[in-house]
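Report on one structure; see the data block that follows.
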Amino acid sequence: MAARAAAAAFLLLLIVGAATAAPDMSIISYNAEHGARGLEEGPTEAEARAAYDLWLAENGGGSPNALGGEHERRFLVFWDNLKFVDAHNARADERGGFRLGMNRFADLTNEEFRATFLGAKVAERSRAAGERYRHDGVEELPESVDWREKGAVAPVKNQGQCGSCWAFSAVSTVESINQLVTGEMITLSEQELVECSTNGQNSGCNGGLMDDAFDFIIKNGGIDTEDDYPYKAVDGKCDINRENAKVVSIDGFEDVPQNDEKSLQKAVAHQPVSVAIEAGGREFQLYHSGVFSGRCGTSLDHGVVAVGYGTDNGKDYWIVRNSWGPKWGESGYVRMERNINVTTGKCGIAMMASYPTKSGANPPKPSPTPPTPPTPPPPSAPDHVCDDNFSCPAGSTCCCAFGFRNLCLVWGCCPVEGATCCKDHASCCPPDYPVCNTRAGTCSASKNSPLSVKALKRTLAKLNTA
């Protein structure tokens with residue numbers, strides 16, 4: 001009993017601790033064979049269900065997935081991920097490695113996670129990499145850099161269920177270079193890029209390239225603020241008025257020489273840099289803390305930002321800003337291995353890096369964007385015509401209130417559609433309880449059913465005047 005209580009307490013701590021972490025890196029699919037193998041060990045079903053209930057509460061009643069009939073399947077996915085996290089952390093505690101946690105992605109299979117939250121298109125850049133690189137001659141570099149400490153990085157944002165990571169990466173580096181040049185941190189609009197930047201390979205929530213985002217901002221003469229053009233996490237029509245609100249501009253952008261971590265370090269020593277990585281693995285999905293050394297390849301699928309670098313107990317790392325909200329990883333960041341003797345860098349971080357350039361002031365402050373005109377209300381539904389003289393409101397039922405022989409002289413209205421008109425000429429019953437019990441003033445589901453509701457009262461029908 002004491003052991004069970006201790007195990008349950010451990011699980012609760014695991015879930016609460018993961019309220020600030022999470023993604024994955026082992027590309028293990030959740031299929032029947034994997035699920036069956038995973039359920040043989042680790043937390044019991046009762047412990048997992050208790051942890052799942054707590055996780056649901058921590059995540060506002062559920063993840064981005066509909067629960068309903070999916071509830072049990074979501075639980076089984078959660079249980080399998082819980083075992084994966086538990087086993088990984090047990091090994092990490094022995095070796096001093098990075099830790100995983102049950103974050104907002106904990107009820108997603110790895111396939112679901114990859115399909116929903118990634119979005120960098122990296123088949124080819126819009127220009128050859130390394131045409132120009134201003135930091136090529138730099139040799140002396142600081143041992144560590146963290147642009148967050150300089151106020152040059154905006155708070156972590158959340159791209160939601162939209163493959164717009166490329167827009168978040170590009171906007172973040174533009175925010176940073178603007179702060180470094182002008183001294184003002186202005187949060188900018190990812191939604192403008194999602195909806196208006198259709199140049200090159202950019203296609204909104206279906207992915208894009210940071211270089212093409214920079215190119216759009218240059219050709220557009222600037223980009224609007226997040227406050228004026230807020231993020232919606234869906235594709236939409238470009239708002240021309242807001243697209244023309246050019247608040248922050250850049251002069252150009254440069255690509256870091258590919259497959260060269262030293263060149264990337266030189267760039268990051270001067271400003272935050274947009275980078276692409278492979279982020280679709282299970283360990284990255286559920287990452288919580290520490291220097292990430294998990295499994296990953298170089299199939300670049302996610303745009304992020306390198307905002308610094310450093311060393312922890314002899315482990316060199318990059319500080320990487322993600323766009324999955326502050327409850328993922330280390331308050332929205334991941335520290336990734338650096339100098340791993342692989343030219344591409346960890347998860348391909350040195351393969352496609354670039355940064356915006358800026359030397360002057362921003363465009364003049366634009367006039368306030370006129371408000372979007374309100375959507376006109378839909379036309380009201382037509383009245384329900386009882387006869388030539390009387391009608392009832394839409395969504396109601398005509399019931400005769402006074403008749404003579406087969407002729408109804410006065411009509412009444414029951415407040416629901418498809419109602420049963422009771423013989424007392426004063427009440428009616430909803431369609432789910434169609435049997436009138438006029439003496440009791442109730443309506444039953446069927447003749448002998450014990451289920452009943454209070455009968456509805458009719459109102460007088462409207463006299464047609466036209």
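For all residues, glycine too, the Cβ spot is worked out from N, Cα and C.
Copied from Swiss-Prot, the annotated features are:
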- 1-21: signal peptide (SIGNAL)
- Cys162-Cys205: disulfide bond (DISULFID)
- Cys165: active site (ACT_SITE)
- Cys196-Cys238: disulfide bond (DISULFID)
- Cys296-Cys347: disulfide bond (DISULFID)
- His302: active site (ACT_SITE)
- Asn322: active site (ACT_SITE)
- Asn341: N-linked glycosylation site (CARBOHYD)
- 358-380: region 'Disordered' (REGION)
- 363-380: compositional bias 'Pro residues' (COMPBIAS)
- Cys386-Cys398: disulfide bond (DISULFID)
- Asn389: N-linked glycosylation site (CARBOHYD)
- Cys392-Cys413: disulfide bond (DISULFID)
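For Cys196 (disulfide bond), the nearest neighbour among the listed active-site residues (Cys165, His302, Asn322), judged by C-alpha distance, is Cys165. Listed in sequence order, the recorded positions from Asn341, Cys347, Cys386, Asn389, Cys398 having a Cα within 10 Å of the Cα of Cys165 (active site) amount to none. The helix, strand and coil residue counts that DSSP assigns across the compositional bias 'Pro residues' (363-380) are 0 helix, 0 strand, 18 coil. Asn322 (active site) sits 9 Å from His302 (active site), taking the C-alpha atoms as the reference points.
Candidate disulfide-bonded residues: Cys162, Cys205, Cys347, Cys413. Nearest to Asn389 (N-linked glycosylation site) by Cα distance: Cys413. Just so you know, the Cβ of Cys398 (disulfide bond) picks up 21 other Cβ atoms within 10 Å once every protein chain is counted. When secondary structure is read from DSSP and collapsed to three states, Cys413 (disulfide bond) falls in the strand class. Distance noted between the C-alpha atoms of Asn341 (N-linked glycosylation site) and Cys347 (disulfide bond) is 12 Å.
Checking each of the recorded positions His302, Cys347, Cys386, Cys392, Cys413 against Cys205 (disulfide bond) by C-alpha distance, the shortest gap belongs to His302. Here the CA atom of His302 (active site) lies 12 Å from the CA atom of Cys296 (disulfide bond). Across the fold, the C-alpha of Cys398 (disulfide bond) and the C-alpha of Cys413 (disulfide bond) stand 5 Å from each other. Among the recorded positions listed (Cys162, Cys238, His302, Cys386, Cys392), His302 has its Cα nearest to the Cα of Cys347 (disulfide bond).
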